[in-house]
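Down below is the structure, laid out as structure tokens.
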Amino acid sequence: MLPHPLAILSEEETNIARNVILAQHPNTVIDFREIYLSEPPKAQLLEFLALEHSGRLSPTSPRPPRLALCQYDVIGNDRIPSFEESVVDVGTRQRVQHRVVGKEHHASLTLSEFDTLVERCFASPLFQKALADFDLPEGFEVVIEPWPYGGLDYVEEKRRYFQGLCFATDKRKNNPDANFYSYPLPLIPVMDALTQEIIRVDRPATGGKGEGLTEQTFKRDIIGHCKDSDYVPELNPGGTRKDLKPLNVVQPEGPSFRITEESLVEWQKWRFRVAFNPREGATIHDVWYDGRSVLYRLSVSEMTVPYADPRPPFHRKQAFDFGDGGGGNMANNLSIGCDCLGVIKYFDAVMTGADGSAKKMPNAICLHEQDNGIGWKHSNWRTGRAVVTRHRELVVQFIITLANYEYIFAYKFDQSGGITVESRATGILNVVNIDAGKVSEYGNVVSGGVLAQNHQHIFCVRIDPAIDGPNNSVQVEESHPVPMNAVTNPNGNFYKVNTETMERAGFFDAAPELNRTVKMVNPHKKNPISQKPVGYKFIPLATQRLLADPNSIQARRAQFAQHHVWVTKYRDGELYAGGRYTLQSQEEIEGVSDAVKRGDSVVDTDVVVWSTFGITHNPRVEDWPVMPVEIFQLMIRPADFFTANPSLDVPSDKNISSRVVGNDCCRNAHI
């Protein structure tokens, strides 16, 4: 059976693409970075999907070719890598596109480059000399956490660098999971990726409020004032709680979802496909509800984490977690009963080794149902009857670990036609050393000698709507107060709802004082009851935008983070809010801001909506040593898409496994 055009590349297809690239470069060293599905041009795919949804698809129907995007370095005799991209038709085993990426761009990092950094640090006399300035207690060893270099300063030579954040770990605990972040060291070695040499060791300041940006105030006993702060249960001095009873998710008749072709999901009138790639992680495609098209594609496009400590080299501290290393590359192997509960379907991914060979990533995505409280309810006080349904959701989830931080991403589908994109931030704060007894305006002291720097986490979700078809418009709805008027508003209670259709690509920001709402509508189809165009809506999350000065490198390379909503006209391959190449970038290139600058018409056409939101994270002590989840939800809801509440037919069955607690659980309290 031929794979669906949206199915991820199989291991066999990945290896075919690899072999085609190797054949194109005989007697040359090829260092592979990524091989994954190059999604078909939208026009081709829509033709195929039309046949599929109409039931007219046959073995002889035209199909888009299976294309593999291959990213790799070609290393010649001069040992200087040339970053190149090719597209391979795995069906014909031919290379159909090829380009050499400009030297102004850097390929996303690989874990092998991080391994090299650690190895070279410990072998470097320069690093060992810097380390000799500190007296570490007996039993402590140095740990190096590799990090992207960040945005190059304008005066720096445009070479590829990596840096390491240094910590110490207490080996006397005999536990490899002991929290080394509790013991930060003020050393940051920098490696030239080409020569693989440590070219310098930056020495950040450790002072407090009122001290200079570069003042060296540390003592040789650099971690003598730091404290143990462990999070693994076996190292918790008080142990874990003993009064927590099990809470099980039980589905005795199995799940309500159905999976076919290892990518097609059907559940409660929803129909969509799940895919995965090394850049975005899990992506959602061809979303329909009850036989009607809703979305063409949904993904987490980018996120950036800029830090607010101006002391060098922290001014460069800014990660693009999807562009720099790839959200999919950093995905967890999800664990049953921990990461996901209930009756679970796992989806595997196929990734690429340094030699280009395919390797399976098991359990990259989990799919499960969950109860999220009441769906709808009404009590008729006249009859005493209450009708209530539960709000069940289908969750598509993946989790990524990026050094110290974890991010949990979930696409949630509900029975009333709603879609929620949820992100959760957890993990461990990125911390630096601070002198004993001092505080800082650049962050918060969360433990002895440990400063958690102020920073932001800014996400961008890409929404490609297909509201009853591919041609849509975007409306901005606002609710405005109206002054009292003796004729039109004599009592002052009236407010006016204004709706404007965007004419050109552009951007705007959340406005909670106006309840500013984004509506993605089909202008050719009206709701028979309201007479408004059918659509889906969301209210932009009113979170703080990027705080860095607009002229700073931080801001110039993350222009997508400067506004809450962007609206662009669709172009094939235009998927990444921060641009295709973010590693060491100095400005955003070919990102959403450039797409807006084209000034395309966005009326009754193929539009894309980008929603930016996040957290300004000024750390608190309670975030240490591991951070409770911070939750953000972008709620995409039907707006005059249906003729009534689409979940009216959800059964109001009573859950027979629920029971009342006995008197031994609930006793009278004495105050």
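Note: Cβ is positioned from N, Cα and C throughout, glycine not excepted.
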Which of His225, His285, His617 belongs with His455, His457 in the Cu cation site listed by Swiss-Prot: His617
Cysteine of Cys338, Cys366 paired with Cys340 via disulfide, per Swiss-Prot: Cys366
Position flagged as N-linked glycosylation site [Swiss-Prot], chosen from Asn471, Asn655: Asn471
For the region 'N3' (107-211), mean pLDDT (0 to 100): 97
Integer Cα-Cα distance in angstrom, His457 (Cu cation binding site) to Gly328 (substrate binding site): 18
Rounded to the nearest Å - Cα separation of Asp606 (Mn(2+) binding site) and Phe322 (substrate binding site): 25
Non-site residues, in chain order, whose CB comes within 8 A of the mean position of the CB atoms of His455, His457, His617 at Cu cation: Val305, Ala425, Asn454, Gln456, Gly614, Ile615, Thr616
Helix, strand and coil totals (DSSP H, G, I; E, B; other) for the region 'N3' (107-211): 26 helix, 32 strand, 47 coil
Those binding-site residues listed as Asp464, Asp606, and which of them has the most Cβ atoms within 10 Å of its own Cβ: Asp464
Alpha-carbon distance [Asn471 (N-linked glycosylation site); Leu402 (substrate binding site)] in Å: 38
Residue among binding-site residues Ala319, Phe322, Gly325, Gly328, Asp464 with Cα closest to the Cα of Asn471 (N-linked glycosylation site): Asp464
